[in-house]
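Student: Pulled from Swiss-Prot, these are the listed features:
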type	residues	note
COILED	118-186	coiled coil
COILED	220-256	coiled coil
COMPBIAS	106-122	compositional bias 'Basic and acidic residues'
COMPBIAS	123-137	compositional bias 'Polar residues'
COMPBIAS	181-209	compositional bias 'Basic and acidic residues'
COMPBIAS	216-227	compositional bias 'Basic and acidic residues'
COMPBIAS	253-278	compositional bias 'Low complexity'
MOD_RES	Ser85	phosphoserine
MOD_RES	Ser156	phosphoserine
MOD_RES	Ser159	phosphoserine
MOD_RES	Ser285	phosphoserine
MOD_RES	Ser287	phosphoserine
MOD_RES	Ser509	phosphoserine
REGION	1-273	region 'Interaction with YWHAG/14-3-3 protein gamma'
REGION	92-137	region 'Disordered'
REGION	174-227	region 'Disordered'
REGION	247-292	region 'Disordered'
Amino acid sequence: MAENLKRLVSNEALRTLQEKLDSWLKEYNTNTCDQNLNHCLELIEQVAKVQGQLFGILTTAAQEGGHNDGVETIKSRLLPWLEASFTAASMGKPVDSKVPSLQNTFDRERRKDPSPRDRDMQQLDSNLNSTRSQLNQVQDDLAETEKNLEETKNRSAISLLAAEEEINQLKKQLKTLQAQEDARHRHTDQRSSENRRSEPRSSEERRCEQWSSLKRNADQRDTEVTSDYKKQLRNLKEEIAVLSAEKSALQGRSSRSRSPSPAPRSRSCSRSRSASPSTAVKVRSPSPNRSKLSNVARKAALLSRFSDSYSQARLDAQCLLRRCIDKAETVQRIIYIATVEAFHVAKMAFRHFKIRVRKSLTPSYVGSNDFENAVSDYVICHLDLYDSQSSVNDVIRAMNVNPKISFPPVVDFCLLSDFIQEICCIAFAMQALEPPLDIAYGADGEVFNDCKYRRSYDSDFTAPLVLYHVWPALMENDCVIMKGEAVTRRGAFWNSVRSLSRCRSRSLSPICPRSQIGLSTMSRSRSPSPIRCGLPRF
């Protein structure tokens, strides 16, 4: 910029301009109109050249200032001057500095009437502030909840420690009493033997009778004391089991509140172990925490897990399938069939597991009347020995040969492994209840039962027949514990018949090698009836 400024000064253009103005003023009255116009145009051209050089210097100076420096100066001085100059030139009036500039007019209009963008920004700011306040409130609530959970957990741990300490004291007292009784018995035996040696033969029989009566009385007292202590010990063990269950529930709830998304089930690691009860009898001892839980508590926990599977795990599985399948009906059919197959496989696995437990416990309970109770207690204590991964593989194989969802193969059912594993674990644990829980039988085209099912939102609420099922109903004997969900449409019976005929033709087609593999596998495990293959199994 300094070079341009030096060049402008060295040209002496402004001095020449002043000299021309003075000479024109002297000759103005003697010149003609054309001569005056020529002088004026020459001056304008010279001024334009000077002005061009000044604008170049202005541009260079603005560039040296960066992106932000000089912006306010240009807005406050250059823009109003250009506006006034162009306005005066267009109207033929001299430049008046008192005329309000266009920039000032724009500023006044902007302050007077804010633009929609400004209003949107203000609305977004207000929404952001409210969201931040809500987030802070939720964080405070979460911190308070975690604090309460921690306090409850500490109280439960203290109660558990106190109960264990009391049990240890009772065990010590029991050992002390047993030692005293043994010492008393030994002392009584020694006295009786001495008396038998010192007294004559006639009194020896009387002494024996007295000693036997004393021994019977002592044994009776010992039995009563031992039974009392055993009752107290059993009650304390039951209290410890309940406290342990509450502690585990609180720990699971606190871990779920800390994690934002449901992680893979931690039970899957323990359930993937060997399911052989014979080895478990040698290595593991029955845990009182599981065996002493009441049937009502286990039933309530399983119902809660089954409800969570319907409300959360089912929707997660639908989201996974919707990435590969666009049709919502197919997705819901796949999830329903997966649930039904999971219950079927879990029930079969429970029967085999109970048979193995019977075989392994038979030598230990020969001639005992509590054999069935021992089997039930062992099964309840060792539900984590269930090989859920093997059941998941069986369910996926059964789904691969189901004609309703496997032809044509549009998705790999391994996507649903986590969902199937959770349903298998729930169904397996439900078989250990008294009485066991099971799902209701459902077939496409059946009459809609309002006691068992709810209609889905996209159903025809006047249709009497079920087009397909979304979720099975949960039954206890013949009573409905939890309703399922079904879709009802007009003409559902004929649609089911047509789909069944198509399934038969496709499953028996020699062109598709997958159907042949599925039929061979199915003939080994289940009945090859096409109706049984086409409809859900239990």
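We number each residue from 1, going along the chain as drawn.
Using N, Cα and C of the backbone, Cβ positions are placed for all residues, glycine too.
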Student: What are the DSSP helix/strand/coil residue counts across the compositional bias 'Polar residues' (123-137)?
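Tutor: Final tally across the stretch: 15 helix, 0 strand, 0 coil.
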Student: Within 10 Å of each Cβ, count the other Cβ atoms and name the one among the modified residues Ser156, Ser159 with the highest count.
Tutor: Ser156
Student: Can you tell me which parts of the same chain pack against the compositional bias 'Basic and acidic residues' (216-227), counting only residues 6+ beyond its ends and a CB-CB cutoff under 8 A?
Tutor: 174, 177, 181, 184-185, 188
Student: Could you put numbers on the helix, strand and coil content of the compositional bias 'Basic and acidic residues' (216-227), residue by residue per DSSP?
Tutor: 12 helix, 0 strand, 0 coil
Student: Please average pLDDT over the coiled coil (118-186) for the predicted structure.
Tutor: 89
